[in-house]
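Look at TrEMBL and you will find A:33-54, A:61-78, A:84-101, A:108-127, A:161-178, A:208-228, A:248-270, A:282-300 tagged as transmembrane segment.
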Amino acid sequence: MTGKRRLWATTAFAGAIAVASMAVSNAYHQQLLTVIGIHTLLALGLNMLMGYAGQISLGHAAFYGLGAYGTGILTTHYGWSPWAAFPLVLVAAGAVAYVIGRPTLKLSGYYLAMGTLGLGIIGHVIFREWDSMTGGASGMVGIPPLQVGGTVLSLGRSGMILVWVVVLMAFFFCDRLVDSRIGRALRALGDSQGAAAACGVDTGRLKAVIFSFSAVLTALAGFLYAHLVGFISPSSFDFLMSIRMVTMVVIGGMASIYGSLFGASVITLLPEWLHVFSDYEMMVYGLVLMLVMIFLPQGLTRGVLDALEGVKSES
Amino acid sequence: MADRTILHIDGVSKAFGGVQALYRVGFRVAKGHIQAVIGPNGAGKTTLFNVITGATCPDEGRIVLEGMEIQGRPMHELVARGIARTFQNVELFASLTVLENVLVGRHVRTRCGLVGAMVRWPWVEREERGARDAAMELLGFVGLEEVAHKMSGDLPFGWQRLVEIARALASDPRLLLLDEPAAGLNAVETAALADLIQKIRSRGITVVLVEHDMNLTMDISDRIVVLDRGRKLAEGTPREIQADEAVMEAYLGRKG
Amino acid sequence: MSEIVQYLMSGLTAGAIYAVIALGYTLLYNATELVNFAQGEFVMLGSLGLFTFLSVLGWPLWAAFPAVTLVVGLLGVVLERLAIRPVKKPEPITLIIITVGASIFLRGLAMLLWGKDPHSVPGFAAAAPIRVLGAAIMPQSLWILAVVGLLMGGLHLFSKHTLTGKAMEACAIHRSGAWILGIPSDRMAQLAFAMSAALGGIGGIIISPITMAGYDMGTMLGLKGFCAAMLGGLGSHWGAVVGGLLLGVLESLGVGFFSSGIKDAIAFLLLLAILMARPSGLLGPKAVTRF
Ligand SMILES: Nc1ncnc2c1ncn2[C@@H]1O[C@H](COP(=O)(O)OP(=O)(O)O)[C@@H](O)[C@H]1O
Ligand SMILES: [Mg+2]
């Protein structure tokens, strides 16, 4: 995207947020929008890895949980201010990802996937078993809300605005990232790893860097979730959550920043509209993943858009 | 001789399973020359390029770039040291524009990292502008300024080759390896390519050229190395090579 | 002393099962260069299938065992046919997402069919524990070791002494080369899927009396099987077995000397360590060249 289009998109998006923040006054809708915002951050984070580095993580819930539990433990057990915990949990997520990514990302895509699948499972085990710190299976309560100046940002209008402002910033910065030296190298990598390396791109390192970045965004979503909801439990950070993130990316489309918003909305709203959904949730995700990847490997929105464009240029 | 040598291939071997793609190949490339490497299909020419650029590690032998052994070094380091290449089957980044392709070639001459890309410090903006100017200059050099913003995959094949050369030049190489740059080009395009390669040399860049087109090779190269089934068969000036019986038989004879 | 024998024995038992699952990965990887993330679900289906045949349909074990193996093997063929073969550009990320999709689809289906609670499956031999060196050994352990030993021998004979087995190895060494020689790599892929799914199913069958059969048992077993395959160097049959046994024993000693909470962490830590230090496995060549 060029600078001008980016400015327009950002302005339009900011306008939409401003209008929504005033128009939506129903508490349930506010909550729903908040969750969609958090899920959008998750989808965006994973999409930076899947769409641009062509790699996949099956354990991103661990980074989500690291953000949430990290800040939860520091603020409730150690009395830290959330703003002091904030940089620490983000750095921790980035560091864990880098340590896992650096060796595995030199190999084929299967290794990061397996490594992160293991990480996700271990993360969930730790959240569930480390009773004294995490509250075990029943979870953690009483995580303090965020405060800016004298204003408490909690679930409701203020929380919704906070989340969407963060989403707006994430979009803005990711968009800039994609249109930069690093972003071009990433997209080049996705097209042809050999040619990218021949152009002097240190492919192993670049993939580890973007994996780290993706983990940081995911932990940021966890941080917001913990402080807005005030309560966290291990079931929000399990294997199925990791799969939910993958599904959001697959629906939203690979390497599509605004598609993340669409993928996150679908995955958040589906269970709300279809109450029987929870029984079939896994089967539906499974089918979606298989069908989309077999027939539209660029993801649902990208695939449909490409198909439409094909029809248009033919007629 | 030694101080005029930019690249010294010294007894390099490489086998894939039972196939000996290169066997104790050795020669020197002089600074400022156009050095051709010729030989029938499967002779090991592309493998030689892969070994020089660090895409594969040789089984034995040394590769010396300006007095420094480089075999087994990672590719990105070698690009930074001044080696650039093109591919036999053009490998452009299809989801990038022409200009962006050339900008990726500029990767090792720019510094901006993840945070810099998002914050866009003034120096990042300056660097980006500088890279764009350099890339546009190169597109002008190969004659493709006006398609800078097209998707690279939409260009005709001959132009894609030129974009790939511009991309390789963007890393400010001292040594440029071209793998069959005339393959798939028509006569007019090939003549233009010959000019271009000579213009590249006059920019002070040493060129190693793998090519099947005999006219092109004989016309523009200073020296020629002939490979056959992984071995060096002959080496000399174009005139010497044309007079060489063994080469005629193994390569030219077999062809025609 | 008796404690160590006890740990060793339970470690070998678990390890033998990891080895079977690892063999499934290895076989498939050799023939297709693909890692199937639904491998663990075949294990789960083996367990739940056995439960159904034994306890619901009332079949005897000698009939239920091969029937379940066959059904799970057929499921492998179905997976290959419907979800893998139609893929136009088989890149790792695409295949990972597809097999992960298959994995949770199967898990969701199993949850609907068999419910959320695990089912217990009777042991293969209803005898009392046998006392060896002061340790109590479950007859099921002996069963497991015997089945795994037989499988190993059979696989070895298959890949070294039958034409199909050799053809499969040839595919692994050079796919396009094998194709030129007239080896149908599509059929090989299908056979490999069938065999690797059946191996997973057998792993699930023999483990079910020990762990019970539940819809969500697959992920962990799949991951551990992969860890075992990696330990031994992905692609090597004997490596898979050694890796499985090693993982089982290390886990069991870890549980014995530290705590049971650490059990699942061991496989993961080993996996990470091996990915970082020697991605070609303990027994594999030094450098990974196949990727
Ligand atoms: N990655 C590889 N794996 C196996 N064999 C290879 C590989 N690369 C090249 N070869 C073999 O090495 C020989 C030389 O190939 P190459 O260098 O591409 O020849 P040329 O470029 O001169 O046509 C050929 O027999 C080719 O099949
Ligand atoms: Mg070649």
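One-based numbering along the chain as shown.
Each Cβ is built from the backbone N, Cα and C atoms, and glycine gets one as well.
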**OP:** Return yes if the transmembrane segment (A:33-54) and the transmembrane segment (A:84-101) have at least 3 CB pairs under 8 Å (sequence gap of 6 or more), otherwise no.
**Re:** no
Subject >> the transmembrane segment (A:248-270) in contact with the transmembrane segment (A:108-127), cutoff 8 A, at least 3 CB pairs, sep 6+ >> reply: no
Original post:
Do the transmembrane segment (A:208-228) and the transmembrane segment (A:282-300) share at least 3 Cβ pairs under 8 Å, sequence separation 6 or more?
Top reply: no
**OP:** Please give the sequence-distant neighbours of the transmembrane segment (A:61-78): residues at least 6 beyond its ends with Cβ less than 8 Å from one of its Cβ atoms.
**Re:** 42, 45, 84-86, 88-90, 92-93, 96-97, 116, 119-120, 122-124, 127, 133-134, 140, 142-144, 215, 218-223, 225-227, 232, 234, 236-239, 241-242, 245
